[in-house]
Amino acid sequence: MRRQLRSRRAPAFPYGYRHRLDDQDEVNQNYLADEEEEAEEEAQVMVVPNLVEEDEEEKEEEKEEKKEEEESQDQPAGNAWWWKLKIMSEYLWDPERRMFLARTGQSWSLILVIYFFFYASLAAVITLCMYTLFLTISPYMPTFTERMKPPGVMIRPFAHSLNFNFNVSEPDTWQHYVISLNGFLQGYNDSLQEEMNVDCPPGQYFIQDGDEDEDKKACQFKRSFLKNCSGLEDPTFGYSTGQPCILLKMNRIVGFRPELGDPVKVSCKVQRGDENDIRSINYYPESASFDLRYYPYYGKLTHVNYTSPLVAMHFTDVVKNQAVPVQCQLKGRGNINDVINDRFMGRVIFTLNIET
Amino acid sequence: MGLSSTRAAELLARDGPNALSPPKQTPEIIKFLKQMVGGFSILLWIGAFLCWIAYGIQYSNNMSSSLDSVYLGAVLVLVVILTGIFAYYQEAKSTNIMSSFSKMIPQQALVIRDSEKKILPAEQLVVGDIVEIKGGDQIPADIRVLSCQGCRVDNSSLTGESEPQSRSSEFTHENPLETKNICFYSTTCLEGTATGMVINTGDRTVIGHIASLASGVGNEKTPIAIEIEHFVHIVAGVAISIGVLFFIIAVSMKYHVLDSIIFLIGIIVANVPEGLLATVTVTLSLTAKRMAKKNCLVKNLEAVETLGSTSIICSDKTGTLTQNRMTVAHLWFDHQIFMADTSENQSNQVFDQSSGTWASLSKVITLCNRAEFKPGQESVPIMKKVVVGDASETALLKFSEVILGDVMQIRKRNRKVAEIPFNSTNKFQLSIHETEDPGDRRFLLVMKGAPERILERCSTIMVHGQEQPLDESAAQAFHTAYMELGGLGERVLGFCHLYLPADKFPETYVFDTDAMNFPTSNLCFVGLLSMIDPPRSTVPDAVTKCRGAGIKVIMVTGDHPITAKAIAKSVGIISANSETVEDIANRLNIAVEQVNKWDAKAAVVTGMELKDMSPDQLDEILATYSEIVFARTSPQQKLIIVEGCQRQDAVVAVTGDGVNDSPALKKADIGIAMGIAGSDAAKNAADMVLLDDNFASIVTGVEEGRLIFDNLKKTIAYTLTKNIAELCPFLIYIIVGLPLPIGTITILFIDLGTDIIPSIALAYEKAESDIMNRKPRHKKKDRLVNMPLAVYSYLHIGLMQALGAFLVYFTVYAQEGFLPSSLINLRVEWEKDDVNDLEDSYGQEWTRYQRQYLEWTGYTAFFVGIMVQQIADLIIRKTRRNSIFQQGLFRNKVIWVGIASQIIIALILCYGLGSVTALSFTTLRPQYWFVAVPHAILIWVYDEMRKLFIRLYPGSWWDKNMYY
């Protein structure tokens, strides 16, 4: 009995469409039935079938098939649109159609209410889950950091490509590097650093015990540490003389300490080609290393004023008018700098093409 | 004289071999290509080409662009080709089962050529050949009889007439089918011999015409094919419209057109259940295998389900409903009708065997019988022994063998001294025996034959072993019994005997059967015995089951209406309390015309009546009566009946065995040919072959078909669910700008990896309730994929799954440093190759590759999240209405195999292939596998609730909208 009720129930499609479909099917079926009757008559008479006639019939069948194919090609589009519309309308719009379809007098608003409650409770569930997730996650210390070690390396000025092409005599070609560097170094201004950060003893980790949520102090890294590359003496960072400064920084990682108190050093050389294309590089600070006192990093929530240490490379004598590929690597115990997939892990590769 | 070999060779070259050309086969390559472009394949092809176009554009802009989209396109094409090959292989495998059937034993023919008798393969016959045939031979071609001796042929496979037809050399009718001087190809010669000339060979024979007619009847789409098409349209429609919608949204959100195309591909891939059609094929072939075990051999995989949606079965009588052998059904002696056991082994004969009359009757039955068992069958059960003799005599022989024991010994002890075999003028058979009692020197004359003829020759009747004069009342009792047995549609035989007085017929007396020098009248009537081709014992149950399942069973037979009706009544096709118009007229003693035909539930329609009916009238009959028997119909009329049923919007199953049935078999939604009795033409035209010719096997088929429909629903619901979980990431990626939660390749790994075995496992699910208690599905209303199924899968479980998977994704990102809030609109920066110091929520900086790796970890996490919840989805899909605990969590072991496979595949992808970055899987921390588990449990609980409300409030709003 229940079955019967079910089968009489609203079909899965909007009414108008369903009727159209049914009619079509019926027409097709009638057509086929007629054809069958013809065939049947032939069978009864048992005459030798006329081959030509049969061919014609076959052709007709083919035509019909094509027609059907066309129809069925029309159908899916219409089909899908209706269907999709229904899905969307279920909880978005077009309540009228739904009302029209509802056979038990239950209305669109009931569906709306039920879906509202359903999705509200789903939202509650996901909120609860996210809340639980946040409970397990410390805002000060990421749960896992292994994937980031060893740290990546990035250079400034930041250009969209790592090709430094400029013409010394055309300031337009290098002006944007200068602006970029100047902007980047604003946070390193001596006055700012002295005001915000402490001067901590070099050569050892600046470990600050205490509660996680306690604000941490940051070590000063003054712009003036960069000497010729600080932009203080030479506001063009050497670009106007064809001796560009490039700043190198190591990606921050919470809790990262260079292994066994061995500061990370930077070393640059020609990546491919003649070693002598770069005849001299000056590093600032002169140690060409990131001092241990800048580590560990405690995360941006508590270590607010932390400024990443920098190493400036001053390419004082580079072959001009030709592209020189340069690779700067981090050297030090535990440093990996030759991963093929990641060309920014522990190293950075860029080209200098200084035209005069 | 015959033809000369050279002339014959010429003719053979001209006309071709004398064999039916096999039905036109679709070339294999076409079949293969169809698999390549059918269903979702076309969408995937589009996706692949879009990939390559995207790469082309990228390449023209930037020579060093990554090959990712080329790979993706290649993978998509590979998926299409692999699933295509798989589906093709499955199809081919099921076709192969059939082709083993058509291997026939080469037929031989005795031909006169070059004035010599030669035995040639029948294939080499040509027009003009003179052939000789004898009893038992199959007619090798259409031949005109030149001369014959007592030749009778069985034309039943051609015309449906079950009576043997005599042949002669006279031309008797204009119509070749009616005239007596033509024997038809593939019919059998039952007895006698004949010489004839070949007039038609191969496809030009009458059988050939019918066979070609059958192949001309177009194959219509099976219901399941229509359903699957419908489903493909729905999914493709959703995929394309969401794809295009978001393409437009993406473009209007100022995404690059190129990126938008990539999104489009992602959406298509996420939406298309790539593995589903292959799964459906496997599911169907599994069921086909299961059905083959139950003696239903399915030729066309899709026919598996057709049987399940069948609403009318037009069944043959002989062989399908009945045992196809005459069996003693009733006995009448001592003025009483006794019933005999007509079951297949007849082991339970319960009638009273103590009467003296029975002793005499059994002696007559045993002795007055020419049938004999073929020698060398000592170990074969009696019922299966091969007998030489006609159907009635065989029945009597087996009957007496069962009751009396070794009949041959009895006959030996009662030596036969004379015999007159049955002939149509006498209508009796007589034999004279010595008796086994050595003290009794009398001869015993036994006779059997048409009851009225036997009675004429009798003057006494035996009652309780005593001879009594055959008076008026005894004759009246005889007539009543005769009418009653005849009314049951049974063939009645009378038996009488006479002990010849020893003085007149001494031991040395020579009996002359031509001169009839012995008495043939004033005999003693012993009893009546009636025979019928009894229904198979499993059939009444099966018919009841069909009725319970809302399937109308119509009997279509060439047999006599009375016999047909009797069998229909005994198997329940006409139920015990329903009457035909004629029955009512008889009961009320009024004219047939006066009966209100709405009072009658049953109808017996003969072929003659059918001939004069218009289609409308036939429709009316089919619609009015619930129990219909068509008797005396020709196979051609079967086609008309099938068409009539199909006009009622019914899915019609037709059984048939004759060549002439093949158009009807082809026309039916599912044609069922008989494996034993069926001709090859019928088997070729049918979609299914019943190996045991048993109607009950059809019912098991129906059951399997319905089960597979239900289970396919479950499979599709299971498969569709995760589509939302795969789709949502793309939509959110486009709109909210999160780093991509799941990659296209990863989606393919779900669709074609972890989900395949579980979705097949659902095919092994047992029925939830008695599926044979519900009506057949309405082919236009009860769709495979209906609104509630789609809505529930997409908007309920699918969304819950998506949330669960997102939770895993967020957990991974948050624990690595990117809190959810920081992910919003991160997409652009995230995907920039030159940003190698992207800051996360903790102020840490990430290189592009580190982010990429994290993204892959995200893919893996999302994948694992979906996989874990798909386990719950699999479990909830076991039932649609019942609680999982009612169904039994462990009854379907294959489900657990499926779950295990899911987990193992995921483990391999995660930990086995962690280093293969092309697949974008990474080694996931073990704890992430459990993040989605609460969601999985939630899905289970929610679905249990849904089912609980459906069970509690049948017919309610909830039931209507949540039951799929």
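For all residues, glycine too, the Cβ spot is worked out from N, Cα and C.
Residues or ranges marked as domain 'Cation-transporting P-type ATPase N-terminal' in TrEMBL: B:1-56.
Per TrEMBL, the feature transmembrane segment maps to B:37-57 (among others).
Annotation source TrEMBL lists transmembrane segment at B:69-89 (among others).
According to TrEMBL, the transmembrane segment annotation covers B:231-255 (among others).
Long-range contacts of the transmembrane segment (B:261-284) within the same chain: residues 38-40, 43-44, 46-47, 50-51, 53-54, 69, 72, 76, 79, 83, 86-87, 90-91, 224, 228, 232, 235-236, 238-240, 242-244, 246-247, 250, 255, 301-302, 304-305, 708, 711-712, 715-716, 719-720, 723, 726-727, 729-731, 733-734, 744, 747-748, 751-752, 755-756, 759-760, 762-763, each at least 6 residues beyond the stretch ends and with a Cβ under 8 Å from a Cβ of the stretch. What TrEMBL lists as transmembrane segment is B:261-284 (among others).
Residues or ranges marked as transmembrane segment by TrEMBL: B:716-736 (among others).
With a threshold of 8 Å between CB atoms, the same-chain residues lying at least 6 positions outside the transmembrane segment (B:742-764) that come near it are 72, 75, 79, 83, 265-266, 269-270, 272-276, 278-279, 282-283, 286-287, 708, 711-712, 714-715, 718-719, 722, 726, 729, 805, 856, 858-860, 862-863, 866-867, 870-871, 874, 877-878, 892-895, 897-899, 901-902, 905-906, 909, 919-921. What TrEMBL lists as transmembrane segment is B:742-764 (among others).
Annotated transmembrane segment per TrEMBL: B:785-812 (among others), in sequence order.
Among the features that TrEMBL reports, transmembrane segment is placed at B:856-875 (among others).
If you look up TrEMBL, you'll see B:895-914 (among others) marked as transmembrane segment.
The transmembrane segment feature in TrEMBL is assigned to B:926-942 (among others).
Taking every listed stretch (B:69-89, B:231-255, B:716-736, B:856-875) in turn, the largest tally of C-beta pairs under 8 A with the transmembrane segment (B:785-812) is reached by B:716-736. For the transmembrane segment (B:37-57), the list of distant contacts is 65, 67, 69-70, 72-74, 76-77, 79-80, 83-84, 228, 232, 235-236, 239-240, 258, 261-262, 264-265, 268-269, 272-274, 276-277: same-chain residues at least six beyond its ends, Cβ to Cβ under 8 Å. Segment contact is absent for the transmembrane segment (B:895-914) and the transmembrane segment (B:926-942), given fewer than three CB pairs below 8 angstroms at sequence separation of 6 or more.
Assigned with DSSP, the residues of the domain 'Cation-transporting P-type ATPase N-terminal' (B:1-56) fall into helix, strand and coil as follows: 37 helix, 1 strand, 18 coil. Using a Cβ-Cβ cut-off under 8 Å and counting only residues 6 or more beyond its ends in the same chain, the transmembrane segment (B:231-255) has close neighbours at 39-40, 43, 261, 263-264, 267-268, 271-273, 277, 716, 720, 723, 727, 730-731, 734-735, 784-785, 790. Residues 31-32, 35-36, 41, 44-45, 47-52, 54-55, 58, 262, 265, 269, 274-275, 277-278, 281, 744-745, 748, 752, 918 of the same chain sit 6 or more residues outside the transmembrane segment (B:69-89) yet have a Cβ under 8 Å from a Cβ within it.
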